[in-house]
Structures are given as C-alpha cells and as structure tokens.
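What Swiss-Prot records for 154 is active site, nucleophile, and it gives similarity to another entry as the kind of evidence. The active site, proton donor annotation in Swiss-Prot covers 221 and is backed by similarity to another entry. Sequence annotations record features per position, and here Swiss-Prot assigns substrate binding site to 199, 200, 201, 202, 203 based on similarity to another entry. Under the heading disulfide bond, Swiss-Prot lists 123-156, citing similarity to another entry as support. Among the features that Swiss-Prot reports, N-linked glycosylation site is placed at 84, 90, 339, 350, 505, 572. Residues or ranges marked as signal peptide in Swiss-Prot: 1-16.
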C-alpha cells in the first residue's frame, strides 16, 4: 500500500508549495488564533460588543489556549477620511476610539486586529465605509500608530475596470498587485503586523499569497449551513501543501458556537480546520448583553488535543487520502511532530454508524496507540484497521503513535508461530492480484526454500527471501512453513498498468482534448462527459475479483457565486466494470493555477484519487467512465478524465 499512497500524494500536478517564495516577518509560526466579529455580528459591531467578547476570551480560558487576536470586522469605519486623509472610526459605535481599543486589548494580554479593504470601500457598504485602495501607505502607518497587531484585508469594491462593484469574482486583473502594495506598506511601518489576505480564493492565491502575507483565504465565505463544510474542504485539497510556518491556508472563520451546527458537526468543523492548519478564528458571540456561548460549544473550542494538532511545531497540513462517495465518508491524514500521525474519518451521512479506517490508506500498517479524541478512548496495538462508532455528520479523530509504515509486518506483532509454521494475520490488500511481492527477513542469514499458503487458496514455494504471491482485496492471512525464525515480512502491492484516456473511445458529447501543458502524465484528457455520454475501453487482467483503480482526473469548477447556494467545488465521476453498478467518486478541485489568467485556467492540473471496483474477470473487461447520476444535483459535466492505473 505504500506505493499506492505515494502515487496518490505525488501526482504530477502536486508539486511542493514550498518551492515558492515566502514572506518572513517572524509572525504566525503556527496558525494564528483569535476572535472576529463578522460571523455573528455581521457588519454591525460596536465597542461594547468587542470589549465584552474580548474579556470573555480571557474569562473563559480561551486566551490562555492561544486565542489572542481580536478583530473588529466590517462596520467600524465611516464614509470619509479626516481632512488630512487619515482613516477614522465611527465615533457613535466606538466612542473611545480605536487606539483606546488597542490599549484595552493589550492590557488583557490580547492582540489588536484591524480590518481593511483593498478596494474603495469596505465590504458591508452601504452605509459607505472608506477602503484603502490608493491610500495603502498612509493606512498602514495609521494601523501601526493605533497599535494594531494584525490586518485582515478584504477584496470588495476593488475592480476599477468594472467601476468598483461590491463583488467581482472575475475581475479584469488579478487582486495580487493590490495585496503586494499593502504588504510592502506594512513592512515599512516598523511594527510587526500579521497580514491576512482575504480575496476569497480568486486567482489561486496559494501561488503568490505566501510571498505577501501570513495567511490567505482559499475560497468564498463559510455560510451558516452544513453543506459549506464539504464545499470548503473540496477547495482546500489543492492548497494543503502550500501551508507552512508563517503562511497558512485560511478556510475562513469558525461557526462553532453560533447555534448553526449540531455538536458532532461542530466537532467535524473544528477538527478539519485544525488539522489542515487553518487559522482558528472564533466567529461566535462568546459574551454580550444578550448572548453567551453554550458550554458544549465552548468545550469544542477548548479541546486541547485538537488545538495541539493545529499548533503542532511540524507545521504540515493534513491532506485528503481517500473518499467513498457512495458510502458517504472520507479520510484525511497528516504527520505530527514526535513521529505521530493525525487521522480524521468524516461521516458525511446524518446517521450514527461504525466506520473503519484501514491504516494503509494513510501509509501505515500498525499503531502502538490510537487515541480517539472525541470518543475519549485509547486503543493499543492496532493492527491494519481501526473501527469505531461515529455520530451523524461526526468525525473519528485519531492521534496515532508508535506507527509502522504500510506493508511491514513484524512477526512479533502480526504472526502466530508454532514450531516451523508462522501464520501472519491482518494482511491488507488494496486490490485482488497475483502480483504482490513478498520479502522475508529472517532472524539470521538463510537461503532456505519456504512454502507459503495464502487465504486466497494459493500455495507457492519461494527460494531465497522474496517472491510473488496472490492476495484478495481486503484482509488476508499468510502461512509460511520455514526452518529459520522469521523476523518480519514486507509486502509490496503491484504497480499495475496505466491506461491513458487516449485508449478510450467516447460517445455523445464526450471528446478528447490535447492540453497545452500539464494534464499529466499524458498531456491530454477526455472532457464533456455528460450523463448521456461516456468513455469506454477493454482492459485485460490476470485475475478476477475486485481491483483498485488510481484515477487521474481534473476539476477546476470553482464555486464562487454558487457558494452561497449549493456550489460544492466538486464534480461527479463514475466507473463501471462489465456493465456492473457504477462506483461514484465526487472529486474535489485539482486546479493549482489561476482559474482566470493562467493558460489552462486550472483545467490542465491533474490529481489522483483511488476507488475499489468489483466485477473484474480474468481476461478482457469492459470499463466505462461516465457521469451516471450527474443529472441528480451534480455538475452538468463530470470531472475531466486523464487516465487510470489498474492494480492487477
């Protein structure tokens, strides 16, 4: 399975984000944490609201956990500047003024966050509030003079060519130059100010924002609806490897505590934001004259293990490992310091059930300790798989310690030995194949011939230390007759055979397209797969059974305007074998270039996800890729199809 995990993680399009230049202002070495007024109070903050919620950060024990940046979002300013051109605050809403607000926050041991806009007006106008466009140098100095510690910088009223509309998701030019100007201005004020780029994911900012700011919003606003969690995670997929110390992909503010989500939904929301290393910005009313956060939601925000995953010194985001669209769950995972691993199994169905994590799906075979964070349980000696109950829309969040890489089976952990017979259990096979490579490590040098029997019914003799065996997709046992004691075995899955889209025939609207560049590894793809069209070919396999397919796809259907409704940043893709029931995969975004200005507009960027398919016969098999069910609430067209690797 190690090969498969590497295949999925090192897709040709997924080059390291660390290759790009990065700002180094000494801030946000771990993701910033704090509170922002927008999610609950919208653009109607006032001094009493900000002060009471800031005080609550301290009183509720949140500040000591790291929630320190307090930001007054839109609604604080006025339509005009002072006669000298300086920004000012709404004196009715903030009678003490912003410098006094900064002093108050600093006295509490908190940090003062201000909000501005790269356009002519702030978001939330009217009533009009002046923005920073063409006044960046002056405004940066003003923020510094007020004692600001961070600036959230928005993107409304910013496109000159279209007369500065409130929102333009397809601006005439990239937002980048406006953010470069403010970034440079902040660098010259002589005060460290954390810079939060908030241009809603336009022009794929992961390629340029890390050079300018400490975080960048990956997409449009989170909305008070459960579906926005799926939409946001789909947009996060191509962003995760750009994150690192000093620069973080911002999934937007938290809705935990606003009475929008159930408790399991809040746990899922908080867990995924944390392990993807998003800034953790509370968007709830913690305490004001009318409202206070519930104890249950407060406990979610204060969960120290989850905060620890977010603030981990290694600074590596979790990434999507595998998705089961028909079954309604998926797995995310990433490394932590101390050779630990964090894993999240999301239950997208709104029903309680047991879900199983196969450790090889996250590159592991064994964990000495598995800590279930929300389940508050600890399991030791986890071999190959872990099963737990999870609530509807909840998440199994695990910290794995003392792990071994996938494919490695030490005898003392996996084998039961009697005399010269050892039976290894919990042997994982991602696919049914007679081409698994078995390597034996003996306790001392040996050239003996051993006899191996697998649970698939195969018996083979191997001379030396390695040979091929047959395994069936799922859990297997291997019995070895031997004279020399065995220390461990190593099993490597088949590399399989790659079938490019060019060997597939197309029907209906589907058509082959040559890419100007990209579309790795073949330089072409099949697009326009409607619910009434498909791509088909015949593929020969050496064994019957279930086969693992690593599918190369492209999707850059970015949800901007549609994000307020049912936009999901996903596209449907189905595969069927020998006219069997199709397996559906709702793929996330793969685009890693600008959706507006790059030559391919992100539609040349390949990503890979795997599925297990049944119904394969020995010999020739009819394989069909399509968009079955695409008419039922999905995008008109399927994800573009580049090719597929069949592990046989």
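From the backbone N, Cα and C atoms, a Cβ is placed for every residue, glycine too.
Worth saying up front: this structure is predicted, and the values here are computed from it rather than measured.
Feature map: annotations from Swiss-Prot on the structure.
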residue : record                      : CB count, 10 Å
84      : N-linked glycosylation site : 6
123     : disulfide bond              : 22
154     : active site, nucleophile    : 25
156     : disulfide bond              : 25
199     : substrate binding site      : 22
200     : substrate binding site      : 22
201     : substrate binding site      : 28
203     : substrate binding site      : 21
339     : N-linked glycosylation site : 10
572     : N-linked glycosylation site : 26
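In the set 339, 350, 505, 572, none of the glycosylation sites has a C-alpha within 10 Å of the C-alpha of residue 200 (substrate binding site). Cβ proximity to the substrate site centre (mean Cβ of 199, 200, 201, 202, 203, cutoff 8 Å) flags the following additional same-chain residues: 155, 169, 175, 204, 205, 217, 219.
Note on residue 202 (substrate binding site): other Cβ atoms within 10 Å of its Cβ, all shown chains, come to 23. Put simply, 154 is the one of the recorded positions 154, 221, 350, 505 whose Cα lies nearest to the Cα of residue 199 (substrate binding site). For the glycosylation sites 90, 350, 505, the ranking by surrounding Cβ atoms (within 10 Å, all protein chains) places 90 first.
The Cα atom of residue 203 (substrate binding site) lies nearest to that of 221, taking the recorded positions 90, 123, 221 as the candidates. Taking a C-beta cut-off of under 8 angstroms and a sequence separation of 6 or more, the residue listed as 'active site, proton donor' has the following same-chain neighbours: 200, 252, 563. The two recorded residues, residue 350 (N-linked glycosylation site) and residue 572 (N-linked glycosylation site), have Cα atoms 21 Å apart.
Neighbours of residue 123 (disulfide bond) among the recorded positions 84, 202, 339, 572, defined as a Cα within 10 Å of its Cα, are absent: none qualifies.
In sequence order, the recorded positions near residue 156 (disulfide bond) (Cα within 10 Å of its Cα) amount to none of 84, 90, 201, 339.
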